[in-house]
Amino acid sequence: MTAIIDIHGREILDSRGNPTVEVDVVLETGVIGRAAVPSGASTGVHEACELRDGDKQRYLGKGVQKACDSVNGEIYDALSGMDVEDQILLDKTMIDLDGTANKSRLGANAILGVSLAAAKAAAEESGLPLYRYVGGAFASTLPVPMMNIINGGAHADNPIDIQEFMIMPVGASSCSEAIRMGAEVFHALKKTLKDAGHNTNVGDEGGFAPNLKSAEMALDFIMKSIETAGYKPGEDIMLALDCASSEFFKEGKYVMAGAKKTYDQKGLVKFYAKLVGSYPIISIEDGCAEDDLVGWELLTDALGAKVQLVGDDLFVTNPARLSMGIDQGLANSILVKVNQIGTLSETLEAVDMAHKAGYTAVMSHRSGETEDSTIADLAVATNCGQIKTGSLSRSDRIAKYNQLIRIEELLGSAARYAGQTIMRR
């Protein structure tokens, strides 16, 4: 047993200049584990509660001093002296202490910071990298990156309704090669957009945010850029979308204001089917709104056999929500965001449940990130085979890619790149 002797939460800034929680967990041996908590822009209503101060005189009401007080007060009192290696008990103790269904009393941002920092302290104490400590001896699969190179929706100030247009270098032989391929396409896209007279400003996740009128225009630019970089779309590199459709679901209709189109559920599914038929799209995230279960059923029936349908707002990394979706046959994949559920052990439970049901899992960042690269380790620890961590710019995104490169180097000949194994046949 190695006891926790101190826990300290502090207010730091995320990649959008908003406050977030960072936690240090200190062990009796002097080892320190540190973790910073991410924050989302397009958030699901079923997510665990991120505790903000609401004081308009500080950080426009977005301060997290209350969450830090939770860490430094009640959580410290409850966990002090406990064994840092008993992750499940640590997390359960915090969940019980909070006493709410969505962690709203202490704040999921407070609880998650402690949960992740404790795991990192335990890994350090064990002399193991985090991916090995969490995942065990068989953690060796490097994920295919979903690289968000054009931003729309809530992540950018442009008319594009779909939130993310991503490339997936499935044809690479290694994760480091996939990252290189992605970087080359990113730079090709920048030149292609610039040559066409578009701005090359970047959005929250590092992708470009040009003033394009439709999803098809965005996809055409990406296809051209893949070819310009010397790769074959549909062979070397596939495409993926995050529609974030809860953001444009209004009174039972899907209102794409930028494209000036409104769809019912069947119409939206036909729109996606047309895109899938025209472009090498292998993954669609949040194709329907979080509570539009009828829409999800239609979408899964229409495209589930050939496209990965990822539930983000639908499942919010919550084992109970995922179990409901599995029972009803909704989607076929779960997006995994540690701050949606608020503890490491619940996150791992959701991934395990997905895999046992034949669903894929995609480890994911949030639009508000920090230099913390924990999710890179968790992607390898869970062998989930896919990671979504933004574009090939902004150091808050690059930190995760760089950590994957390091992990692949550490694994050496044992490393296996997921590549085309993640594609639905």
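Backbone N, Cα and C atoms are what each Cβ position is placed from, and that goes for glycine too.
Copied over from Swiss-Prot:
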type	residues	note
ACT_SITE	E205	active site, proton donor
ACT_SITE	K337	active site, proton acceptor
BINDING	Q163, K337, R366, S367, K388	(2R)-2-phosphoglycerate binding site
BINDING	D242, E285, D312	Mg(2+) binding site
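Residue with the densest Cβ environment among the binding-site residues Q163, S367: Q163, by other Cβ atoms within 10 Å. Among the record's (2R)-2-phosphoglycerate binders, Q163, K337, R366, S367, K388, no two C-alpha atoms are more than 17 Å apart, and one pair sits at exactly that spread. Considering only the binding-site residues Q163, E285, R366, K337 (active site, proton acceptor) has R366 as its nearest partner by CA-CA distance. Of the candidate recorded positions, E205, D242, E285, D312, the one lying closest to R366 ((2R)-2-phosphoglycerate binding site) when CA atoms are compared is E205. The 10 Å shell around the Cβ of D312 (Mg(2+) binding site) contains 29 further Cβ atoms across the protein chains shown. Within the same chain, residues at least 6 positions away in sequence whose Cβ sits under 8 Å from that of D242 (Mg(2+) binding site) are N148, I162, Q163, E164, M166, E285, D286, V310, D312, K388. The recorded positions in question are E205, E285, and the one with the fewest Cβ neighbours inside 10 Å is E285. A Cα-Cα distance of 6 Å separates S367 ((2R)-2-phosphoglycerate binding site) from E205 (active site, proton donor). By a simple count of nearby Cβ atoms, those within 10 Å, the most crowded of the binding-site residues R366, K388 is K388. Secondary structure from DSSP puts D242 (Mg(2+) binding site) in a beta strand. Cβ contacts within 10 Å of K337 (active site, proton acceptor), excluding its own Cβ and spanning all protein chains shown: 26.
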